[in-house]
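So that you can see what the record holds, here are the features copied from TrEMBL:
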BINDING   12, 71, 81, 82, 169, 205, 223, 224, 233, 234  substrate binding site
ACT_SITE  80  active site, proton donor
ACT_SITE  80  active site
ACT_SITE  232  active site, proton acceptor
Ligand SMILES: N[C@H](CCC[C@H](N)C(=O)O)C(=O)O
């Protein structure tokens with residue numbers, strides 16, 4: 001039997017599998033099949049999830065481990081901010097360390113355990129990096145520009161301005177009115193740009209944001225490979241950077257922002273050293289369930305829910321209690 005976890009960051013939900021606990025690690029093909037199966041709201045476990053986080057040993061000393069992110073549709077994401085917080089917590093407890101490095105697809109990133117946000121609400125800070133505005137980094141095409149920073153893009157939507165940032169997964173961001181946020185535009189644009197289209201050949205995470213005040217944002221994201229999620233850590237991080245760049249008069253750099261989302265909130269700090277940007281993402285890392293199942297079933301994605309021993313924790317109730325009166 002092996003144990004996997006169901007976890008969330010700001011209620012962006014994942015299953016977490018540590019390959020090093022298996023007799024035989026899953027192959028990449030098995031991981032993708034498992035991710036699509038286990039996260040599915042019909043065929044999956046516990047109502048499914050937004051993706052699968054795969055932990056394995058890193059060859060990059062001094063990294064404590066390596067994180068791979070597989071979206072619910074089986075596509076691979078180069079980064080996952082909410083996911084990295086839960087992987088960071090997992091590795092902190094596995095190796096009894098509070099400040100360490102985790103290898104991700106394009107960078108080895110800092111992870112730091114924070115003081116609990118409330119009883120049974122663990123908090124982790126993670127580095128979101130590398131950051132690029134270059135067309136080729138997203139990538140995007142046929143928009144008539146090499147960079148997109150707060151510019152109108154009529155072919156995507158009239159009357160909005162867009163910013164495109166890779167952190168390093170791709171994000172398209174627009175600061176919108178409450179009316180636009182409440183409408184169907186985000187769903188329509190997110191759907192359109194994550195199927196065959198001339199603008200974002202690899203798809204893109206699309207976020208609409210509202211500025212609550214100079215220290216608070218609200219962000220809703222339609223995620224590549226998933227659809228709407230309760231929160232997107234890299235989306236909220238990229239939006240914080242866009243906010244800092246679009247409003248230099250507010251001196252946002254190095255200041256703590258609170259970014260609300262449908263799943264709760266996170267905190268971010270945007271940093272600039274020389275012309276290099278990186279973002280600190282701070283937020284909960286919650287384990288909702290431990291799942292004991294047969295390793296063989298993982299290899300064949302033939303998981304019979306009746307054969308899985310599910311142990312809920314007290315942490316989700318603690319998180320719900322924590323965010324109950326912390327809404328914008
Ligand atoms: N939810 C994740 C982002 C997953 C990104 C994935 N949807 C992609 O880039 O394909 C986060 O907290 O950053």
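Yeah, the Cβs are placed from backbone N, Cα and C, and that goes for glycine too.
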Neighbourhood of residue 169 (substrate binding site), C-beta criterion under 8 angstroms, separation at least six | 77, 78, 79, 80, 205, 224, 234
Long-range same-chain neighbours of residue 233 (substrate binding site), Cβ under 8 Å, sequence gap at least 6?
-> 9, 10, 12, 80, 81, 82, 83, 84, 85, 126, 128, 266, 281, 283
Express the distance between the Cα positions of the residue listed as 'active site, proton acceptor' and residue 223 (substrate binding site) as a whole number of Å.
-> 8
Please find which two of 12, 71, 81, 82, 169, 205, 223, 224, 233, 234 have the most distant C-alpha atoms, given that the record lists them as binding substrate, and give only that distance in angstrom, rounded to a whole number.
-> 16
Three-class DSSP assignment, residue 81 (substrate binding site), comes back as helix
In terms of DSSP three-state secondary structure, what is the assignment for residue 169 (substrate binding site)?
-> coil
Any idea what DSSP makes of residue 233 (substrate binding site), helix, strand or coil?
-> helix
